[in-house]
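Structure first, commentary second.
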Amino acid sequence: MAAPQGGYPPQEGYGQPAAYGSPTQQQAPTPVQHGGKKKRAYAGEAFEFGSGANAALGGQLPAGGSYGAYPQQQAGYQQPAAYGADPAQAYAAPAAPGVAQMTQQFGAMGMTDPHLLPPQPAPQAPQAPRTVPLNQLYPTDLLSQPFNVAELDYPPPPIVLPPGTSVYPSPYANCPPKYVRSTLNAVPTTHSLLKKSKLPFALVIQPYAALHDSEDPIPVIPDQVISRCRRCRSYINPFVTFLDHGHRWRCNMCNLTNDVPQAFDWDTALQKPADRSLRPDLNHSVVEFVAPQEYMVRPPQPLVYLFLIDVSYASVTNGLLATSARCIKESLDRIPNADRRTRLGFIAVDSSLHYFSIPRDGSENSNPQMLVVSDLDEPFLPIPGDLLVTLSECRENIESFLDKLQEMFQNTQNNGCAMGSALRAGYKLIAPVGGKMTVLSSSLPNVGHGALTMREDKKVLGTSKESSLLQTANSFYKSFAVECSKAQVSVDMFLFSSQYQDVASLSNLPRYTGGQTYFYPGWNAARGEDAIKFAREFSDYLSSEIGLEAVLRVRATTGLRMNTFYGNFFNRSSDLCAFPAFPRDQAYVVEVAIDETITRPVVCLQTAVLHTTCNGERRIRVLTLALPTTQNLADVYASADQQAIATYFSHKAVERALGSGLEPAREALQSKIVELLATYRKELAGGSVSGGGLQFPANLRGLPVLFLAMIKNLGLRKSAQIPTDMRSAALCLLSTLPLPLLMQYIYPKMYSLHDMPDVAGLPDEKTGEIVLPPPVNLSSERVVPYGLYLIDDGQTQFLWVGRDAVPQLVLDVFGLPDKSQLRVGKQNLPDLDNDFNQRVRAVVEKSRDHRSKGVGSIVVPHLYVVKEDGEPGLRLWAQTMFVEDRADQSVSLVQWMGSLREKV
């Protein structure tokens, strides 16, 4: 890989080859104004330098020598004299030196992107000679060159390997960052150097980048010839070396020489010799092997879904029972069933357990039978034979059962919910085969096993005692989860209560079984937006090609050891993570220890996931990452990945919050960022305080902002207003979201819509992907009173309508003559016959597009319309997204940087 270009930030982030991906989201290039017909811009000074919110378009000069030396803001934001006075220019043309001219000037300087500006700070001299220079360190001052949100879209610092590291020169030889990211892309050779750096060494692993294989295909090796090292059991990969005329290979992890299997160079399909240099496992770092018999303890299990549906009064009245029954029925074709072995079962739960035996299609009696069990202490299985039925054999009867299920309980007055007992009963039913228990509930489990009580106390919120509410109230939920894990049973929770439901306790079941907690506070099917959101998400959930009976292990070069694992699974032994089901919408963090001095120029870390596909095939997904080593602290800092580091500390903060409390978690985050800044200043900035600044390398400039945003996140922030269930659900997200979604959840995306560039909201000519406007920093200083903004944290979207928004804007976007008629709250945007409405809708939809971020997710965020001068509660909620502002018991970004400067 070529050495990175000088100057920060160089083109494409850090001079990284295209194979490793520049920012996934297509950012809008700046429009060049021509004399022809002009697109509408709804702003007063749409592109005026320093005004408006379009930071990345020029209001804010990002990273570069003079980052963020903002020109003075205009005094107030004058509204244009007359909107649409000139019919040719429907909404006031942009004034002043349009960014267009600047773009042309920068273009002449070879800098087509306005956020890649001159002059560069001088790179630091490396301390030790290398065959290939690693990334250079670019010092910057965080105070005089403020953070620009566009920096969060840069790819990680490139992984610079010596030439000839891989056995064949394949562009796919090293693992792409969407699957595995290391916090350090240059690894210290000793434990003492790592300790001196104060940086963490960890991997962020996301083995799947989509819910379905077809959306993210990787090479599959079907010949069942799997070559592994005899000693360390690593899989053959692009970084091994061949010896003895290719008859033996040396392991790149432990150096042992192994024999090449006889069938390695034989094409079983064509029955003739094959070209070894074309084998996927020697060219691709991400591959999947079809596993032979010896990788199975038992025949591959079928896909099993057991639905535990709350049918108590709360669940019938809010429409959950009817909506989930209808949604399962409509999704039967989407549930993976290629091998025709998929099985389904249903248990309805109130103060009793209701089992359903569903006959095969074409039987004499096609009516489902309901069997009620009221003994909750030892729930027995009535007739286990046909309680779990094969989908393809009972399809019609399953449909008619789901139609009837809604009616069976429509007049119930039963407020009991024996979900703990139902889980025990469900476990007995599916433990022999393993599978998924999907819980759909609107109530607190209040009778039977694992009964819980209302323990939330408003007086405790915001105090040190609040932490006890985030811990499990009943040991059943942890001990039962471990039992489930051993029997290959996974639990997913869909929770819908409008009252306290104890998410803190219930979320333990998914946490230890490879499941997930999905939380829908105050959900009601009578609101169309609620019903549609859940139906879309639940249908995608059922269609997801999950893995079954899976284990994950990470192996590495001698001298490295996997130390701690974070994520939703059960840690079965020191280095083995067990997943009864392997989801496709989660990421995992593994901390790596350096136990002995590393003498090699390159280390490798290999993740392997052994699993059964939902089509009954045993497979191993292998992801191999090679990283250069260094004895030089400057190299370690210059190659550190700020987003991977933030992900690691997000998991650490959740662990600390659940173990010690929220205040210790927040304090730990603050003291960590202070420690990193102080270490950098002392070791690499020569201890000098140049003009009272705050020095940090260019590639880590976002870290102080991300740490502040974490401290302000719903899961961790200091507040007496946050319901415990909301907080617990947020902690679940902070410890499971894939990296791109976690970054957005911590530091949401904000787009200025009223003055978006001409190309935004339209398909890109080359890729066909909708172009998003440039993101804007999350500060109210960036928001103009006549503006329209989209704020999106990946879970919720807000459409912010400024108090002085002009009538034409309201008419074009919402189809209403006057802002006073605009209803606030949850809604879908109307589909109107005008260009601007279509572009706004396209941006809202594209912002939800998980696939373009390289992740699998079922979440469809709600869209809330917020008026700046409208309903105060909603406005305050939206304003919590402005993480750079001062808020309830928390500091602004400027104050935060000032306090960091004092502490350093």
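The first residue you see is number 1, and the count goes up from there.
Note: Cβ is positioned from N, Cα and C throughout, glycine not excepted.
The number of other CB atoms found within 10 A of the CB of Cys232 (Zn(2+) binding site), across every protein chain shown, is 16. A coil conformation is recorded for Cys232 (Zn(2+) binding site) in the three-state DSSP classification, outside any helix or strand. Look at Swiss-Prot and you will find Cys229, Cys232, Cys251, Cys254 tagged as Zn(2+) binding site.
The compositional bias 'Low complexity' annotation in Swiss-Prot covers 1-18.
Positions annotated as region 'Disordered' by Swiss-Prot: 1-39.
Through the fold, the region 'Zinc finger-like' (229-254) approaches residues 165-168, 170, 173-174, 260, 276, 281-285, 289, 555-558, 602, 604, 606, 608, 620, 622, 624, 626 of its own chain, all at least 6 residues removed from its boundaries and within a Cβ separation under 8 Å. Under the heading region 'Zinc finger-like', Swiss-Prot lists 229-254.
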Candidate with sparsest Cβ neighbourhood (10 Å radius) among Cys251, Cys254, the listed binding-site residues: Cys254
Long-range Cβ environment of Cys229 (Zn(2+) binding site), under 8 Å and at least 6 residues apart: Cys251, Met253, Cys254, Leu256, Asn258
